[in-house]
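Residues or ranges marked as active site, nucleophile in TrEMBL: Ser276. Annotation comment: TrEMBL describes His116, His225, Glu470, Tyr509 as Zn(2+) binding site. Taken from TrEMBL, the feature domain 'Neutral/alkaline non-lysosomal ceramidase N-terminal' covers 25-537. What TrEMBL records for 540-701 is domain 'Neutral/alkaline non-lysosomal ceramidase C-terminal'. The signal peptide annotation in TrEMBL covers 1-23.
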Amino acid sequence: MANSKMAFLAFLAVSFLCGLANATYKVGVGRADITGPPVEINFMGYANIKQVGRGIHTRVFARAFVVEDEKGNRVAFVSADAGMMGYGLKREVIKRLQARYGNLYHNDNVAISGTHTHGAPGGFLMHLLYDISILGFVPQTFEVMAQGLYLCIKRATDNLVDGRILLSKTTVLNVNINRSPSSYLRNPAEERAQYEHDTDKTLTQLRFVDLENNLLGAFNWYAVHATSMNNTNRLVTSDNVGYAALLLEKEYNPNKMPGKGKFVGAFCSSNLGDVSPNIMGPKCSISGNECDLLTSRCPSGEGDCFASGPGKDMFESTQILGQRLADAALGLLNEQSQESTAREVTGDVRFIHQFVDMPNYNGSTYNPLSRKVDKVRGCQPAMGYSFAAGTTDGPGAFSFEQGTTTDNPMWNFVRDFIAAPTQEDIKCHEPKPILLATGRATFPYEWQPKIVSDQLLKIGDVIIAAVPCEFTTMAGRRLRNQIRAAASAVGGIDTEVIIAGLTNIYTSYTVTPEEYQAQRYEAASTIFGPHTHSIYMDVFERLTKAMMRNETVDAGPSPPYMNDVMLSLNTGVLFDGHPINTDFGYVKSQPNKEYGINETVKVTYISGNPRNNLFTEKTYFTIERKINEDRWKVAYTDASWETKMVWHRTNTILGFSEMDIYWDISPQTLPGEYRIRHSGEYKYILGGKYPYEGLTHSFTVKED
């Protein structure tokens, strides 16, 4: 009896201690809508002045996780369906967090990363070069993003529970290719031989569970541009990685609309600088022939060099690749023998951050290839000629070619009219010929950042390196290896290093010194010159060592405050009107009486301008299914993949406009009776905004 009692007490003690061991962290996840004005505002990404929004395919969201260790050390990470992140936006988010939580959140322990979708409204970066194709700053975009980024962190904070974190990885093929393979080949052969592919194929997942092993969220990092939707797209979209997130969340939030439900699933950017999702590769758009490998140009008459695939159009390509990424993440989450592939993350939480003045940086870094210490210095920001050539995901204008290392007197004249580089600038950037001396341009305000944000978040034995740009494949691999080696040398632990791209502030690209010599698009867009990557290697090694020693570092010079000097050529909505004998919400085109699977429903409403109300956390329309005589249930919204909302003006002078709503009926659609409801606001010519609503006749979706 005594032995049984002792054994039982021992069992309780072991169970208690195991519980303490597992309750290492408090974890929470959250999501919020950040969809900006879907019409009449240019999208951010392709810098195409013609890419003006006309509606919504999918809404865009910000997804956050918060982790706190037993000592109260806390970090927050956000992945936002946005082209990238601007520091003015992060500063505003921190301001709102501190108004609610005091100094619990601050610049050092919050990282905000963009997925790099090229299909969301721009005008939030507060640097002229990045906002110029958007026609300047867009306060409506900035506000909805600032509030959504704040809200997703707040919701993650509100959802904090005792929990665990597991890390797992898998290989995902047929999702990405290298769009600058000739640049990649500039890297040393012995270095390239260490890797099977010229892009990273590993999907890395952090899984968050409570102490009962209930799944809370999963954040996945994979290197691929969110450019399956090309520069002809006019509908707001989260692109391939955003669709993957919607699929993942749908799996664990059954019967919930997109963007709703407790489970949060994210696909985050990594070292995607030279990585394209258009896996069929570049072809001449007219002839179908191969493009020139070095310049990505086509012979006269054969069209532009454009990459695509794997689908028949950009929508299908987005869907195929999103499905492949979601399947990979689901495979990690659904494995029965999780112990064999997923390991538990253990250890404390730390963070470190430093602002670095890149043009004035002078330092040194060890070159493992030459086995010497190299001196490195930064340059004033500048864009090279090949920047204007664009990429095979989105070709540029005029006659610019990738790989250009010589200048042109005519373009130099244009450049110098805007801002002339000094001879020191020209020499510093060699072999890049400077097309835009952005570091010397000051009117009407700073064109590109000079001060960058470098940050590390340590969660146990996982280190997230928050980089302020797009690292190419090899640039990211070297940085990961450098951070891992520094953590091992000082902390004595083996770490998993994750590159989180486009984080906190945006400074275009970073290539390796070898890739810089090729001067393709990515190198021409490496704005601080040939030593940019070496500087980051130097800084992140120093930050890693300081973090592992629990040392503080100088905060560095803060980026300038420019909120009060923003300019914009975007106009607001003057007023809305409608034709005689109709009203706002009038259904101009009703649906047919009956539809089958794989058919498309189209309806048209007399509408107001969608910019009058963004319907944040709501929807411009619902597709409703009849449950019984008294009840209709929402089946789809404007966030659903199966729907599209397209707005167009019919009379600019009188302010007339119409809204087309499309619904592609998929094989998963339940048969039954449906109707479509549109909600909006119109702006009265004498002032004020007023709500309206329109409802179609009901129609039937028949069984397949």
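Glycine is treated like the rest: Cβ placed from N, Cα and C.
Note: TrEMBL annotation is automatic and uncurated.
Locations of recorded TrEMBL features on the structure.
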| residue | record | Cβ neighbours (10 Å) |
| --- | --- | --- |
| His116 | Zn(2+) binding site | 25 |
| His225 | Zn(2+) binding site | 27 |
| Ser276 | active site, nucleophile | 24 |
| Glu470 | Zn(2+) binding site | 30 |
| Tyr509 | Zn(2+) binding site | 23 |
If the Zn(2+) site is taken as the center of the Cβ atoms of His116, His225, Glu470, Tyr509, which further residues of that chain fall within 8 Å of it by their Cβ?
Ser269, Leu272, Gly273, Val275, Cys469, Gly501, Leu502
Looking at the binding-site residues His116, His225, Glu470, Tyr509, which has the shortest Cα distance to the residue listed as 'active site, nucleophile'?
His225
Model confidence over the domain 'Neutral/alkaline non-lysosomal ceramidase C-terminal' (540-701) (mean pLDDT, whole number):
97
